[in-house]
Amino acid sequence: MSGRNVESHMERNEKVVVNNSGHADVKKQQQQVEHTEFTHTEVKAPLIHPAPPIISTGAAGLAEEIVGQGFTASAARISGGTAEVHLQPSAAMTEEARRDQERYRQEQESIAKQQEREMEKKTEAYRKTAEAEAEKIRKELEKQHARDVEFRKDLIESTIDRQKREVDLEAKMAKRELDREGQLAKEALERSRLATNVEVNFDSAAGHTVSGGTTVSTSDKMEIKRN
(Lines of atoms letter the chains of each structure in order from A and count residues from 1; the text may use other names and numbers.)
(Lines give C-alpha, C1' and ligand atoms only; values in the text may rest on other atoms or scores of the structure.)
Protein backbone atom coordinates (compact mmCIF):
# COMPACT_ATOMS: atom_id res chain seq x y z
CA MET A 1 0.00 0.00 0.00
CA SER A 2 1.44 3.38 -0.98
CA GLY A 3 0.28 7.02 -1.01
CA ARG A 4 1.60 10.19 -2.58
CA ASN A 5 0.61 13.76 -1.86
CA VAL A 6 2.04 16.71 -3.78
CA GLU A 7 1.26 20.27 -2.72
CA SER A 8 2.47 23.36 -4.52
CA HIS A 9 2.20 26.84 -3.01
CA MET A 10 3.31 30.16 -4.51
CA GLU A 11 3.76 33.32 -2.46
CA ARG A 12 4.33 36.77 -3.80
CA ASN A 13 5.67 39.59 -1.62
CA GLU A 14 6.32 43.16 -2.58
CA LYS A 15 8.54 45.54 -0.56
CA VAL A 16 9.24 49.24 -1.05
CA VAL A 17 12.67 50.60 0.02
CA VAL A 18 13.09 54.36 0.49
CA ASN A 19 16.55 55.87 0.72
CA ASN A 20 17.34 57.74 4.01
CA SER A 21 18.45 60.85 2.10
CA GLY A 22 14.86 61.34 0.94
CA HIS A 23 15.83 61.74 -2.69
CA ALA A 24 13.99 60.29 -5.66
CA ASP A 25 16.06 57.08 -5.91
CA VAL A 26 13.28 54.88 -4.48
CA LYS A 27 13.46 51.14 -5.15
CA LYS A 28 10.68 48.65 -5.24
CA GLN A 29 11.41 44.97 -4.81
CA GLN A 30 9.16 42.09 -5.78
CA GLN A 31 9.89 38.70 -4.28
CA GLN A 32 8.34 35.49 -5.56
CA VAL A 33 8.70 32.34 -3.48
CA GLU A 34 7.59 28.92 -4.69
CA HIS A 35 7.16 26.12 -2.17
CA THR A 36 6.81 22.50 -3.17
CA GLU A 37 6.01 19.80 -0.67
CA PHE A 38 6.25 16.07 -1.34
CA THR A 39 5.19 13.24 0.94
CA HIS A 40 5.58 9.53 0.18
CA THR A 41 4.18 6.80 2.38
CA GLU A 42 4.62 3.06 1.90
CA VAL A 43 2.96 0.45 4.14
CA LYS A 44 3.66 -3.28 4.07
CA ALA A 45 1.25 -5.87 5.43
CA PRO A 46 2.58 -7.47 8.60
CA LEU A 47 3.26 -11.21 8.70
CA ILE A 48 1.16 -13.03 11.26
CA HIS A 49 2.92 -15.63 13.37
CA PRO A 50 0.85 -17.43 15.95
CA ALA A 51 2.37 -16.94 19.34
CA PRO A 52 1.23 -16.93 22.91
CA PRO A 53 -0.40 -13.64 23.95
CA ILE A 54 2.06 -11.14 25.36
CA ILE A 55 1.00 -7.91 27.02
CA SER A 56 3.30 -5.04 26.12
CA THR A 57 3.69 -2.11 28.45
CA GLY A 58 5.24 1.27 27.90
CA ALA A 59 5.13 3.77 25.05
CA ALA A 60 7.32 1.71 22.71
CA GLY A 61 5.20 -1.42 23.13
CA LEU A 62 1.95 0.50 22.61
CA ALA A 63 3.27 2.09 19.41
CA GLU A 64 4.34 -1.27 18.08
CA GLU A 65 0.91 -2.77 18.77
CA ILE A 66 -0.88 0.13 17.03
CA VAL A 67 1.40 0.50 13.98
CA GLY A 68 2.66 -2.98 13.67
CA GLN A 69 5.63 -4.01 11.59
CA GLY A 70 6.78 -2.87 8.18
CA PHE A 71 5.70 0.85 8.42
CA THR A 72 8.07 3.36 6.77
CA ALA A 73 7.64 7.07 5.96
CA SER A 74 9.78 9.53 3.99
CA ALA A 75 10.36 13.11 5.16
CA ALA A 76 8.85 16.07 3.35
CA ARG A 77 10.99 17.88 0.82
CA ILE A 78 10.69 21.66 0.51
CA SER A 79 12.26 23.77 -2.20
CA GLY A 80 11.91 27.45 -3.02
CA GLY A 81 13.23 30.22 -5.22
CA THR A 82 13.61 34.02 -4.89
CA ALA A 83 13.53 36.72 -7.57
CA GLU A 84 14.11 40.52 -7.11
CA VAL A 85 12.61 43.17 -9.34
CA HIS A 86 13.88 46.81 -9.22
CA LEU A 87 11.30 49.51 -9.98
CA GLN A 88 11.69 53.25 -10.55
CA PRO A 89 9.75 55.66 -8.25
CA SER A 90 6.65 57.28 -9.59
CA ALA A 91 6.24 61.01 -10.19
CA ALA A 92 4.01 61.33 -7.12
CA MET A 93 6.62 59.74 -4.88
CA THR A 94 9.32 61.99 -6.35
CA GLU A 95 7.19 65.08 -5.72
CA GLU A 96 6.45 63.94 -2.17
CA ALA A 97 10.16 63.45 -1.48
CA ARG A 98 10.88 66.94 -2.89
CA ARG A 99 8.20 68.49 -0.65
CA ASP A 100 9.65 66.66 2.37
CA GLN A 101 13.09 68.04 1.62
CA GLU A 102 11.71 71.57 1.21
CA ARG A 103 9.76 71.31 4.46
CA TYR A 104 12.86 69.99 6.26
CA ARG A 105 14.94 72.91 4.93
CA GLN A 106 12.32 75.48 6.02
CA GLU A 107 12.01 73.99 9.49
CA GLN A 108 15.78 73.95 9.85
CA GLU A 109 15.97 77.63 8.84
CA SER A 110 13.16 78.45 11.29
CA ILE A 111 15.02 76.75 14.13
CA ALA A 112 18.22 78.64 13.27
CA LYS A 113 16.40 82.01 13.12
CA GLN A 114 14.61 81.36 16.40
CA GLN A 115 17.89 80.50 18.11
CA GLU A 116 19.47 83.65 16.63
CA ARG A 117 16.63 85.84 17.96
CA GLU A 118 16.94 84.29 21.41
CA MET A 119 20.68 84.91 21.42
CA GLU A 120 20.12 88.55 20.40
CA LYS A 121 17.66 89.04 23.28
CA LYS A 122 20.01 87.43 25.77
CA THR A 123 22.95 89.48 24.48
CA GLU A 124 20.98 92.73 24.76
CA ALA A 125 19.84 91.87 28.29
CA TYR A 126 23.40 91.02 29.29
CA ARG A 127 24.71 94.27 27.78
CA LYS A 128 22.17 96.36 29.72
CA THR A 129 22.96 94.53 32.94
CA ALA A 130 26.70 94.98 32.39
CA GLU A 131 26.27 98.71 31.70
CA ALA A 132 24.15 99.15 34.84
CA GLU A 133 26.73 97.31 36.92
CA ALA A 134 29.52 99.40 35.37
CA GLU A 135 27.63 102.60 36.24
CA LYS A 136 27.23 101.42 39.83
CA ILE A 137 30.93 100.64 40.03
CA ARG A 138 31.82 104.05 38.57
CA LYS A 139 29.68 105.86 41.15
CA GLU A 140 31.15 103.79 43.95
CA LEU A 141 34.66 104.61 42.71
CA GLU A 142 33.79 108.31 42.69
CA LYS A 143 32.51 108.04 46.25
CA GLN A 144 35.62 106.15 47.25
CA HIS A 145 37.82 108.81 45.64
CA ALA A 146 35.97 111.54 47.56
CA ARG A 147 36.42 109.56 50.78
CA ASP A 148 40.12 109.16 50.03
CA VAL A 149 40.54 112.90 49.45
CA GLU A 150 38.69 113.70 52.67
CA PHE A 151 40.77 111.18 54.58
CA ARG A 152 44.04 112.65 53.27
CA LYS A 153 42.81 116.14 54.15
CA ASP A 154 41.94 115.07 57.69
CA LEU A 155 45.28 113.33 58.01
CA ILE A 156 47.21 116.42 56.90
CA GLU A 157 45.19 118.70 59.19
CA SER A 158 45.71 116.32 62.09
CA THR A 159 49.45 116.25 61.43
CA ILE A 160 49.63 120.05 61.26
CA ASP A 161 47.64 120.38 64.50
CA ARG A 162 49.90 117.88 66.24
CA GLN A 163 53.03 119.73 65.11
CA LYS A 164 51.55 123.06 66.24
CA ARG A 165 50.69 121.68 69.66
CA GLU A 166 54.17 120.21 69.98
CA VAL A 167 55.72 123.60 69.10
CA ASP A 168 53.48 125.38 71.63
CA LEU A 169 54.37 122.86 74.29
CA GLU A 170 58.07 123.20 73.54
CA ALA A 171 57.83 127.01 73.74
CA LYS A 172 55.95 126.79 77.01
CA MET A 173 58.52 124.46 78.50
CA ALA A 174 61.35 126.77 77.36
CA LYS A 175 59.62 129.78 78.93
CA ARG A 176 59.17 127.96 82.21
CA GLU A 177 62.82 126.98 82.16
CA LEU A 178 63.79 130.63 81.63
CA ASP A 179 61.48 131.69 84.44
CA ARG A 180 63.10 129.23 86.80
CA GLU A 181 66.58 130.41 85.86
CA GLY A 182 65.56 134.06 86.44
CA GLN A 183 64.00 133.19 89.77
CA LEU A 184 67.15 131.44 90.89
CA ALA A 185 69.28 134.42 89.87
CA LYS A 186 67.01 136.82 91.70
CA GLU A 187 67.02 134.72 94.83
CA ALA A 188 70.80 134.47 94.70
CA LEU A 189 71.05 138.25 94.46
CA GLU A 190 68.69 138.84 97.38
CA ARG A 191 70.46 136.34 99.56
CA SER A 192 73.88 137.86 99.01
CA ARG A 193 75.73 138.88 102.25
CA LEU A 194 76.82 142.53 102.67
CA ALA A 195 79.96 142.97 104.78
CA THR A 196 81.27 146.42 105.98
CA ASN A 197 84.51 147.03 107.88
CA VAL A 198 84.87 150.37 109.82
CA GLU A 199 88.14 151.50 111.40
CA VAL A 200 88.64 154.90 113.15
CA ASN A 201 92.04 156.30 114.23
CA PHE A 202 92.05 159.20 116.72
CA ASP A 203 95.30 160.88 117.68
CA SER A 204 95.44 163.45 120.51
CA ALA A 205 97.90 164.90 122.91
CA ALA A 206 96.88 162.49 125.52
CA GLY A 207 97.52 159.48 123.44
CA HIS A 208 96.50 157.32 120.42
CA THR A 209 93.04 155.65 120.20
CA VAL A 210 91.96 153.01 117.68
CA SER A 211 88.32 151.99 117.26
CA GLY A 212 87.04 149.41 114.75
CA GLY A 213 83.93 147.34 114.00
CA THR A 214 82.48 144.90 111.49
CA THR A 215 78.87 144.87 110.31
CA VAL A 216 77.36 141.93 108.51
CA SER A 217 73.89 142.21 106.93
CA THR A 218 72.04 139.19 105.61
CA SER A 219 68.75 139.44 103.89
CA ASP A 220 66.58 136.48 102.90
CA LYS A 221 63.52 136.91 100.75
CA MET A 222 61.03 134.29 99.65
CA GLU A 223 58.61 134.92 96.80
CA ILE A 224 55.68 132.72 95.96
CA LYS A 225 54.33 133.03 92.42
CA ARG A 226 51.13 131.52 91.31
CA ASN A 227 50.33 130.89 87.70
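Cβ atoms here come from the backbone N, Cα and C positions, even for glycine.
What you are looking at is a predicted structure, and each value in this text was computed from that prediction instead of being measured.
Listed features, source Swiss-Prot:
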{"type": "REGION", "residues": "1-35", "note": "region 'Disordered'"}
{"type": "COMPBIAS", "residues": "1-15", "note": "compositional bias 'Basic and acidic residues'"}
{"type": "COMPBIAS", "residues": "24-35", "note": "compositional bias 'Basic and acidic residues'"}
{"type": "REGION", "residues": "85-126", "note": "region 'Disordered'"}
{"type": "COILED", "residues": "91-191", "note": "coiled coil"}
{"type": "REGION", "residues": "95-194", "note": "region 'Helical'"}
{"type": "COMPBIAS", "residues": "95-126", "note": "compositional bias 'Basic and acidic residues'"}
{"type": "REGION", "residues": "126-144", "note": "region 'CAHS motif 1'"}
{"type": "REGION", "residues": "163-181", "note": "region 'CAHS motif 2'"}
{"type": "REGION", "residues": "205-227", "note": "region 'Disordered'"}
{"type": "COMPBIAS", "residues": "205-219", "note": "compositional bias 'Low complexity'"}
Averaged pLDDT, computed only over the residues in the region 'CAHS motif 1' (126-144): 94
Number of helical, extended and coil residues in the region 'Disordered' (85-126), per DSSP: 36 helix, 1 strand, 5 coil
